[in-house]
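*Asks:* Got a structure for you, written out below as structure tokens; questions coming shortly.
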Amino acid sequence: MEVAVVVPEYEESFGARLRRLRGEAGLSLADMARATHYSRGYLSKVENGGKPPNAGLARICDEALGAGGALLSLVPDQAADEVMCPYPGLVPFGSSQARWFFGRERATAALVNRLAERRHKAGPLVVVGPSGAGKSSLLHAGLVPALTRGALPMPGSQSWPVLSLTPTAHPTRELVTGLTKATGLEPDAADRALEAGPGAFAVAVREAMRETGLVLLIDQFEELFTVCEDEQDRRAFVGAVCALASAGPLPPGEQPPILLIIGVRADFYGHCLAYPELVTALDDGQVPLGPMSHAELREAITGPAREAGLELEPGLVEVLLSEVGSQDGPAPCPGAGVLPLLAHALLATWQERENGRMTVSAYRRTGGIKGAVAASAERVYLGLDGDGRAAVRQVLLRLVRVGEDDQDTRRRVDRARLMSLSPDPGAAARVLDAFAAARLITLDADYVEIAHEALLYAWPRLRGWIDADRAGLRSRQRLLETAEAWESSGHDPALLYRGTQLALALDWMGGRPGDLSLLEHRFLQAAERRRQADLTAQRRRTRRLRRLVALLSVLVLLAGGATGFAVRQRSMALTQRDLAAAQVAVDQAERLRQVDPSLAMKLSLAAHRLVRSPQTRGAVIASSGSVFSTRLPGHRYSVRRAAFHGTTLVTAGNDGLVLLNDVRAPRRPATTTAARVSGEIGGMAISSDGRLVAGGGEDRTVTVRSLRDPRSVVFSAPLDAEVSALAFAPNGRTLGAATTDGAIRLWDMGDPARPAVRVPRDADHGTRVNGLAFSPDGRTLASAGDDHTVRLWDVTRPLRPTLCSVLRRHEAQVRSVAFAPDGRLLASTSFDRTVRLTELPQPCRPGPAKVLTGHTNLVNDVVFRADGRQIATAGDDQTARLWEVSSGREVMTLPQPNPVRSVAFGQGGATLATGDDEGRLLLWHLPPPAVLAPAGGLWTVRYAPARGVMATGGVGAAHLWDVSRSRQPFPLATLRHGAAGGTVDAVAFDAGGRLLVTGGQDRTARLWDISDPRRPYVLGTVRHTAAIYTAAVSGDGRLLVTGGEDHAGRLWDISDPRRPRALGTVRHTDRVNGVALTSDARVLVTVGGDYQARIWDISDRRRPVVLAVLPHPNQVNNAALGPGGRILATTADDRRTRLWDIGDPRRPVLLSTLVGHREASRGVSFTPDGRTLVTTADDRTAHLWDIGDPRRPTSLTPLSGHTRQVTDVAVSPDGRTITTVGADSVLRLWTNDVTVVSHWICALDGPGLTPTEWAAYFPDQPFQRSCGR
């Protein structure tokens, strides 16, 4: 008997088929999320039936899986309709999206009315508005549809062709191409007419138009100034388009007009005024586009949803309006710049909709108005592989036109050209597809463009890339333009870079070889070959000269001449060669000092070993003001995490390695590999006892190993998402792990086999967690997430964690968290470029937060020093920074050539480890040769003779410092001075260093007994009628001179400092800024705001007599006398320092003028031997000068590091230390002893320049060791 088996037909659901196809392709949900740019959670809900599919998702998944439409076939027809998103995001509305363009009805009607007026008068309309106001949308989705509906009261206008274009780099070519297509005008005829002039061109176009009118839209008119480099082309374009519009309407019955509408950004208004035709157009046809009103914004949100049949959850509209700053009533409208951010937030919320309903919770998940663009861009960025992420920076920066200051614009780039410029075209193509899928860039067959300039400012990572190297990016723009001209010219050698231009290009590009296109590489290689050829020719000439010298020397010897002549000539030639090489190295070191201070130090020392000249000596001294770093064996890719245990530095990188560096001997660190995992590492943590190290990342596994035996795996747990953060509790018994899906799990390390406890799902971040930290008592866990929050969890009972507080204090994704050692502060860092220090008076009860600003890009990591007094941060702005916790002020910036990802303080805070995006691992040696004084600025500094004490004056007080340890002053006492906020501008010691005079804004000079510098007290006071700016005490301690705002210098007898007596007075016609006394106190020099220095005979101290007046071209700020009192130095607002011989004070002689500062010169001080002068200026630098011959002074080197004006300088009595103070409240110390600095550099770095480095910087000199034998 036969049995018929009937198998019922089974219809596979969309979710089931997606899961099956994904499994067959070997892709995880995370892989799928990266490929489609939908979140992992969203895809999981689709697969499980929790979310309905739509056609857009189906198409993307089909493409990612190569399914050939198998998924799209399962999408119901209504879902295909539903996928039409009514919110375009950053992309402007186009004509085809007019049905969803709401909120600008009033502006559209006004523009149509203004256009109708063109029936009676000629000329263009110019729509002017700020970036983001919606000019493009108004023109294309408002005006054009209105014209096609017949809104313009001109017969037949609804059928007139509409030509829309942007200027591009070749505006006239773009105009001719467009008009020939729109009117039928022959291209050759158009070119001939354009060459004949604007009028002829307008006539030719009109003749080709026959009986129809034309609407010409020129959008993004600012491209004329940002993209077009040819001024002749620019003027021809302006003349041509204005002539077209000026050929206004003819009498009734004649040919219809050409209507021209221009859209231009308001910040380019001034550029337009440089063209007379545009001045006329703006005067007569300007149409300003301001921000939308409250009602219009509401309609822009609700209208598209209504048209598309979407439901908006009650309260969503109010939340959106509130966050853009819109209020009903007379309140100011929000700025136009919020519109693209609102548009993208609406798009992102639509993508998170639930059953056709847009909700508040979905909106919150997007990151909100301020964070949606950044969150979308960052999600795309993080979803790419390592090569793709590297390509993002290269590709996007090619799509930006970097302007002066912050005037940056997007640029439209030929797609094929962009691919040819990329070092990795495959990775670049993936970047374009990914960002286009997220609607952050637009693609067509020929061109690529960033969707809106809002991306340039809203995404901190891109903003940081631009700001971190603005000058370099402009250089690269010029390089590309020159390289293209060289290529198109058939490689004309005259176009190749030479000299300084080539050196700067090679210097900038040296650290960024991956940023160069093949064309740029070829161009620089050709320029370098040309330079090498020139050098070779020069060397041949030099060799011929040497052979001639040798021949002449032999002939001289044979003739009985002096042997010494030949020897001296050869020695002089070699010396000149070495001098030139050393000077080049000194110049390179100065450029490197703010980027790679350690290399600058080594290069300075090598130059000084080669040639002992004043310039190389100055370069070594300048190095002493930097923090030195030792490079450790690092990673091939980004150093994601770093932590110390004792003298062992543990690092984890995107190369999948966990490395252990024993840094007891940093010059020769012992490095071992603790772990090697598959993919990038997202989290790493060390237990407090140093026994265990945990790691995890793309392998979705938490692995705990023994730090003593890294091969020994103590514990391993697979997870269903990538590990993004790890932390051990202080007792080592609890391990916390966070993942990219927002989950946080806790393990009991006492019983690791027990399953992990997950924090409540309904309370977690719901998105990627970037950082975890336990409080010192282990009772609180802090987590940092992409949802802009820091969450505090009560883990007193680790098996039952509960959410106890949510901190919403950042405006973008939070990157890291750290507790202070006492647990009373929590530090967090963010994409919003800030660090926040939140007070925790009680666990889970946060208090106020202090905001630390200074980073110019997202801040990746933060760590507290062991004593809790400082934190260190790592930023994408290519710096690590040290901050004072109590005041929140920045102490020191540590520059690096790449974005910094991780920081860790070493034992005792004496070292700081930093890891960057390119795998570079540096160990910085602290403390820095700088001290942060109380806020408000420092204005003056002096050393006490032979006592190891220094005084500074600043806001509200003077301060005494112990400077017996030359590189790190220690505060001794604060000397309060009058009312709070009053400034101490003058400090002066007597010869014994036991009397200190301070003077300031309270019109009083105080005489302090500082015999015990820890306990100073006032002996007596003297007064002026206005602020006191300067003071000096005679060598015998009996005379005090003070000067100030009352135009007077006053002499005082202080033989008894408890009872000072007034003596004589000297006068200027403006404020007295500085005074100086000769050692015998018989001659006084005063300088002032009346552009004069005056020399006085004060032999009779009651009746001073002016001996000479030294005129200056500007205000004179300070004066100093060299040892012996013969040489006088004066500084002035004209940026110059002058040296005078006042050996005969009645007949002073100007010896020389020192030129080098870029802004007003301020402080001045001689070294005790009188051979070196130090000056300071408002340009944030001090400057060393060799004045061994005061008639021929030589600039040695600038001393940089201050972040604001450098107000004063003092040299220690032994001449070995130079101290500068500035308006940044920082004391900086330089060691004025080359031997000491050289020993210090060698002790930290060992051999100095390697042979390879030497060959790069000294190619014509044989290698010399900088350190040792």
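Glycine is no exception: its Cβ is also placed from the backbone N, Cα and C atoms.
The domain 'HTH cro/C1-type' annotation in TrEMBL covers 18-72. The transmembrane segment annotation in TrEMBL covers 548-567. As annotated by TrEMBL, repeat 'WD' applies to 723-749, 762-795, 807-837, 852-893, 984-1018, 1021-1062, 1065-1106, 1109-1142, 1154-1195, 1199-1230.
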*Asks:* Give the residue counts of the repeat 'WD' (723-749) per reduced DSSP state, in the order helix, strand, coil.
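*Replies:* Its residues divide into 0 helix, 17 strand, 10 coil.
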*Asks:* Would you mind giving the whole-number mean pLDDT across the repeat 'WD' (1199-1230)?
*Replies:* 91
*Asks:* What residues in the same chain, six or more past the boundaries of the repeat 'WD' (1154-1195), come closer than 8 Å to it by Cβ-Cβ distance?
*Replies:* 614-615, 618, 621-622, 1117-1124, 1127, 1129-1139, 1141, 1202-1211, 1213-1215, 1218, 1220, 1222, 1232
*Asks:* Please work out the helix, strand and coil residue numbers for the repeat 'WD' (1021-1062) from the DSSP assignment.
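*Replies:* Helix/strand/coil tally for the repeat 'WD' (1021-1062): 0 helix, 23 strand, 19 coil.
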*Asks:* What is the number of residues in the repeat 'WD' (1065-1106) that are helix, strand and coil, as DSSP sees it?
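*Replies:* Output for the repeat 'WD' (1065-1106) reads 0 helix, 23 strand, 19 coil.
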*Asks:* Tell me the residue counts in helix, strand and coil for the repeat 'WD' (1109-1142), as DSSP assigns them.
*Replies:* 0 helix, 21 strand, 13 coil
*Asks:* Going by DSSP, how much of the repeat 'WD' (1199-1230) is helix, how much is strand and how much is coil, in residues?
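*Replies:* Helix, strand and coil residues of the repeat 'WD' (1199-1230) number 0 helix, 19 strand, 13 coil.
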*Asks:* Quick one: DSSP breakdown of the repeat 'WD' (984-1018) into helix, strand and coil?
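*Replies:* Secondary-structure breakdown of the repeat 'WD' (984-1018): 0 helix, 20 strand, 15 coil.
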